[in-house]
Amino acid sequence: MRHLITTKDFNKIEIMELFKEASDFLDEKPRTFLEGKSITTIFFENSTRTLSSFESAARRLGARVLRLDVSRSSSSKGETLYDTAANLDAMSPNAIVVRHANSGVPLILAKHMHCPVVNGGDGKHAHPTQALLDLFTIYNHFQSDVEGKKICIVGDIKNSRVAASNIELLSRFNLDITLVAPPHFMPNTHLKKYYKLDENIIANSDIIMSLRTQTERHNKTVYASLKDYANDFCIQKSLVKDKKLILLHPGPVNRNIDISDEMMSDERTLVLKQVKNGVAIRMAVLKKLILENEG
């Protein structure tokens, strides 16, 4: 049984095949590949973008979607993860998409399921489809020429599952990664790292990936105000200037904290393209896992 728990679950050849399929899906036309199939989404953490993206992807492939309301589910009343998995499995879905605040939950569920499990984000651990859509966006922009491209990841890297998945995936595709964050947001790493964003770092970058501060994962107050953080790490036109690069963000964007209003409307900012690409990538992932499982 194949699952997508981390980006390591797909090899490079499979990822390139996903990109080819996703490129075809960018026309947004409905398909019937998963007609008669059922996909269950169960998000124990709030989500707008990822949940909507997966559900749009499923419906465009012709699948039915069952969204479980976690606030009313038995898990909120003390049901164990094993029992949750057993009950989900008894409904005989063709795939399950799960998000949870605790790292490792999708893997635990996958061990008890008879259908593919897709990780929609677990704690600080992983967000594989976000990393895949980010690389897909980079890959398309640079017309397949991504090896050696310099990417600067800025923000709350230590607490970000998006950063963790991107670092693994982008390293495998030989991008040159630099991390920029305050000391308390910087993970232990062998990668190049800086504790303040400046013009020289941006001048040396082909891609900037800005991340949201994960205040919900902080066990103490780090900044008296997010404006203090923004003074050092907000992506602003005065820093970027006319540099030829692209700017990414997984969303939601804290405007004038992560990225300035001016840069959000700049043509180099590809946030909305990431959203469009995300549906196509998730279509490719769901199709691959479900049809391979039944083949």
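Placed from the backbone N, Cα and C atoms, the Cβ positions cover glycine too.
Annotated carbamoyl phosphate binding in Swiss-Prot involves Arg49, Thr50, His127, Gln130, Gly251, Pro252 plus, out of the candidates Arg31, Arg99, Arg172, the residue Arg99. Neighbour list (Arg99 (carbamoyl phosphate binding site), Cβ cut-off 8 Å, at least 6 residues apart, same chain): Ile42, Phe43, Phe44, Glu45, Ser47, Thr50, Leu51, Asn119, Gly120, Gly121, Asp122. Taking the centroid of the Cβ atoms of Arg49, Thr50, Arg99, His127, Gln130, Gly251, Pro252 as the carbamoyl phosphate site, the other same-chain residues with Cβ within 8 Å of it are Ser47, Ser53, Gly120, Gly121, Val162, Pro250. Neighbour counts were taken as the number of other C-beta atoms within 10 angstroms of each residue's C-beta; across the binding-site residues Arg49, His127, Arg161, Arg212, the minimum falls on Arg49.
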